[in-house]
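Report on the structure given below.
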Amino acid sequence: MTIAIHHCLSLLNSCKNLRALTQIHGLFIKYGVDTDSYFTGKLILHCAISISDALPYARRLLLCFPEPDAFMFNTLVRGYSESDEPHNSVAVFVEMMRKGFVFPDSFSFAFVIKAVENFRSLRTGFQMHCQALKHGLESHLFVGTTLIGMYGGCGCVEFARKVFDEMHQPNLVAWNAVITACFRGNDVAGAREIFDKMLVRNHTSWNVMLAGYIKAGELESAKRIFSEMPHRDDVSWSTMIVGIAHNGSFNESFLYFRELQRAGMSPNEVSLTGVLSACSQSGSFEFGKILHGFVEKAGYSWIVSVNNALIDMYSRCGNVPMARLVFEGMQEKRCIVSWTSMIAGLAMHGQGEEAVRLFNEMTAYGVTPDGISFISLLHACSHAGLIEEGEDYFSEMKRVYHIEPEIEHYGCMVDLYGRSGKLQKAYDFICQMPIPPTAIVWRTLLGACSSHGNIELAEQVKQRLNELDPNNSGDLVLLSNAYATAGKWKDVASIRKSMIVQRIKKTTAWSLVEVGKTMYKFTAGEKKKGIDIEAHEKLKEIILRLKDEAGYTPEVASALYDVEEEEKEDQVSKHSEKLALAFALARLSKGANIRIVKNLRICRDCHAVMKLTSKVYGVEILVRDRNRFHSFKDGSCSCRDYW
């Protein structure tokens with residue numbers, strides 16, 4: 001090998017883009033080594049594995065080579081299997097078979113079967129399995145393990161276990177693969193059975209069981225496995241912290257994070273972003289601030305994903321200035337996620353004009369928006385009532401950025417028209433959509449009809465929803481709300497009766513409030529224990545004071561039964577956000593900000609109570625409902641009564 005060719009190979013190893021690679025390819029041609037399988041194999045390997053969007057070039061290299069060998073084919077099959085187009089792996093594999101002079105080996109089958117797992121085609125998987133049998137490679141450990149993964153990915157646990165049972169001496173990788181397959185096919189008992197049979201287990205075995213239980217929502221089993229683990233690594237702790245948070249047990253997630261620190265281990269990027277995500281979901285502002293301090297002190301502030309999580313946490317906890325401070329501090333490290341998170345945060349708080357300005361600043365910096373950016377932007381326009389701007393940006397998506405609108409973007413436009421009262425325009429917009437509208441899109445319009453009291457259109461929309469999702473309790477409640485607001489109690493009773501007959505249960509409303517770095521959860525209705533009694537007693541005091549000092553009159557249209565006015569007042573007084581507010585006022589020091597997170601949309605009566613309480617008690621109240629943030633201060637709300 002000459003010095004020049006050796007230099008070309010060293011350049012290839014450091015090559016970062018397709019343009020540079022084509023220049024190196026030109027040098028190979030110049031030195032006459034382009035027909036050598038070793039050098040062409042190196043080029044294909046670099047195209048397929050190391051450079052993004054270079055797979056078509058790798059394929060052309062393969063097609064132009066006189067007699068490509070198995071290594072070249074395997075490399076391309078592997079490249080496609082790890083790409084966004086895994087189905088192309090099968091085409092390359094078939095091409096290899098047709099050549100006649102190249103025979104697939106264990107690597108060929110392992111790569112192509114992995115590709116089949118990624119695009120989840122059980123029929124193609126069966127065909128590849130048959131080919132492996134034909135070539136006598138089904139008993140190969142590498143191929144067998146990949147077959148287990150493929151069948152598990154396609155939801156066919158029975159075949160995954162059959163392949164495993166037929167293996168002569170399965171290694172730990174195969175054991176772990178079949179446990180994973182069981183969990184992916186929702187066979188939790190089968191996974192436990194196989195785990196109990198293992199004579200030798202490694203860290204991965206325990207972590208697979210832990211992750212499987214978490215994904216299945218079996219938290220008690222996950223905790224038991226976690227406590228039995230002989231050694232807990234970063235993956236174990238991260239799985240536990242993130243998984244428990246995703247299952248809604250936020251306080252427990254925080255406890256495990258503290259336990260991780262007490263164990264003398266340092267949180268990694270995954271556990272940090274996971275616990276910050278838990279703070280975001282639960283609205284745990286105080287614990288989030290502590291985590292931010294830890295991030296700064298421990299030197300994690302350079303990690304982009306952690307900063308993005310901080311932006312999201314502060315935004316969802318109601319502190320936009322702090323989110324903006326983190327965002328501004330990132331400077332050159334900002335990625336599309338950073339910009340989008342900040343735009344989404346502003347949108348959540350009704351700062352539509354500022355969100356639009358930031359979007360324009362992002363594009364001026366040369367950052368190209370993606371589909372998610374436009375969802376946040378359209379969301380901002382919707383909550384700020386910027387109808388014309390929203391229409392312009394929706395048009396700009398495809399015309400300027402060549403982004404095909406997806407169902408979420410159409411949903412944002414329906415919300416934009418619906419919130420502004422342009423209900424017929426929203427209806428016509430849905431009818432003219434080039435893609436079939438989903439139940440969520442129609443439900444968005446139904447919510448707007450309910451808010452604006454348009455019963456006639458609400459009934460039409462409900463008919464559409466009956467075709468897509470007839471037994472959704474939320475739709476029936478929205479229609480019931482519209483009838484109740486109009487005083488049509490017979491129609492309300494009819495809906496309630498049909499829900500009882502069909503055994504359709506209404507989604508339980510709950511609210512979270514942070515007191516002393518602990519999250520407390522309240523549900524609507526009367527409870528006779530612990531903190532619920534305390535909250536109810538304080539709420540009675542608040543309601544009396546609001547009536548005396550602010551002339552509060554309950555908006556009984558929020559009560560959904562045809563009962564006496566006094567009973568309606570009693571119903572609306574027990575909403576979960578009111579109980580959370582009362583508990584916070586009872587426990588927090590005077591003047592402390594109150595932060596409440598609710599899973600459903602705040603009703604008009606609760607909204608009125610929050611406004612009056614902020615004035616009478618001199619407190620700032622932040623409520624995050626299903627749709628947006630409401631910042632109550634001095635008797636007014638940041639949403640300007642538009643939500």
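Quick reminder: no glycine exception, Cβ is built from N, Cα and C everywhere.
Taken together, the residues in the region 'Type E motif' (441-516) have a mean pLDDT of 82 on the 0 to 100 scale. The feature region 'Type E motif' is assigned by Swiss-Prot to 441-516.
The region 'Type E(+) motif' feature in Swiss-Prot is assigned to 517-547. Counting residues 6+ beyond its ends, the region 'Type E(+) motif' (517-547) has Cβ neighbours under 8 Å at 250-251, 282-284, 286-287, 290, 508-511, 553, 573-576, 578-583, 585-586, 609, 612-613, 616-617 in the same chain.
Swiss-Prot lists 549-643 with the feature region 'Type DYW motif'.
The annotation repeat 'PPR 1' is assigned in Swiss-Prot to 69-103. Beyond the ends of the repeat 'PPR 1' (69-103), by six or more residues, the same chain brings 37, 40-41, 44-45, 47-49, 55, 58-59, 62, 111-112, 114-116, 118-119, 121, 124, 128, 131, 135 to within a C-beta distance below 8 angstroms of the stretch.
Counting residue by residue with DSSP, the repeat 'PPR 2' (105-139) contains 27 helix, 0 strand, 8 coil. The annotation repeat 'PPR 2' is assigned in Swiss-Prot to 105-139.
Summarising the annotation, Swiss-Prot assigns repeat 'PPR 3' to 140-170. Residues 106-107, 109-110, 113-114, 116-118, 120-122, 125, 128-129, 132, 177-178, 180-182, 184-185, 187, 190 of the same chain lie 6+ residues outside the repeat 'PPR 3' (140-170) yet bring a C-beta within less than 8 angstroms of a C-beta in it.
For the repeat 'PPR 4' (171-201), the residues of the chain that approach it from at least six positions outside its boundaries are 141, 144-145, 148-149, 151-153, 155-157, 160-161, 164, 208-209, 211-213, 215-216, 218, 221, judged by C-beta separation under 8 angstroms. Positions annotated as repeat 'PPR 4' by Swiss-Prot: 171-201.
Packing against the repeat 'PPR 5' (202-236) from elsewhere in the chain are residues 172, 175-176, 179-180, 182-183, 186, 188, 191-192, 195, 243-244, 246-247, 249, 263, 265, 268, 270-271: each is 6 or more residues past its ends and has a CB under 8 Å from a CB in it. If you look up Swiss-Prot, you'll see 202-236 marked as repeat 'PPR 5'.
Per Swiss-Prot, repeat 'PPR 6' is recorded for 237-267. As a summary of secondary structure, the repeat 'PPR 6' (237-267) carries 23 helix, 0 strand, 8 coil according to DSSP.
For the repeat 'PPR 7' (268-302), the number of residues in each DSSP class (helix H, G, I; strand E, B; coil) is 28 helix, 0 strand, 7 coil. Summarising the annotation, Swiss-Prot assigns repeat 'PPR 7' to 268-302.
In terms of DSSP secondary structure, the repeat 'PPR 8' (303-333) contains 27 helix, 0 strand, 4 coil. If you look up Swiss-Prot, you'll see 303-333 marked as repeat 'PPR 8'.
Marked as repeat 'PPR 9' by Swiss-Prot: 335-369. Helix, strand and coil content of the repeat 'PPR 9' (335-369), in residues and according to DSSP, is 26 helix, 0 strand, 9 coil.
Residues 336, 339-340, 343-344, 346-348, 350-353, 355-356, 359, 362, 406, 408-409, 412-413, 415-417, 419-420, 422, 627-628, 639, 642-643 of the same chain sit 6 or more residues outside the repeat 'PPR 10' (370-400) yet have a Cβ under 8 Å from a Cβ within it. Swiss-Prot lists 370-400 with the feature repeat 'PPR 10'.
Residues or ranges marked as repeat 'PPR 11' in Swiss-Prot: 406-436.
Remote same-chain residues near the repeat 'PPR 6' (237-267) are listed as 207, 210-211, 214-215, 217, 219, 222, 226, 274-275, 277-279, 281-282, 284, 287, 294, 298, 512, 518-519 (criterion: CB distance under 8 Å, separation of at least six residues from the stretch ends). Residues 70, 73-74, 77-78, 80-81, 86-87, 89-90, 93, 96-97, 146-147, 149-156, 163, 166-168 of the same chain, all 6+ positions outside the repeat 'PPR 2' (105-139), place their C-beta atoms under 8 angstroms from a C-beta of that stretch.
For the repeat 'PPR 3' (140-170), the number of residues in each DSSP class (helix H, G, I; strand E, B; coil) is 22 helix, 0 strand, 9 coil.
Tertiary neighbourhood of the repeat 'PPR 9' (335-369): same-chain residues 304-305, 307-308, 311-312, 314-316, 318, 320, 323-324, 327, 376-377, 379-381, 383-386, 389, 393, 401, 403, 624, 628-629, 631, 638-640, selected by CB-CB distance under 8 Å and a gap of 6+ residues from either end.
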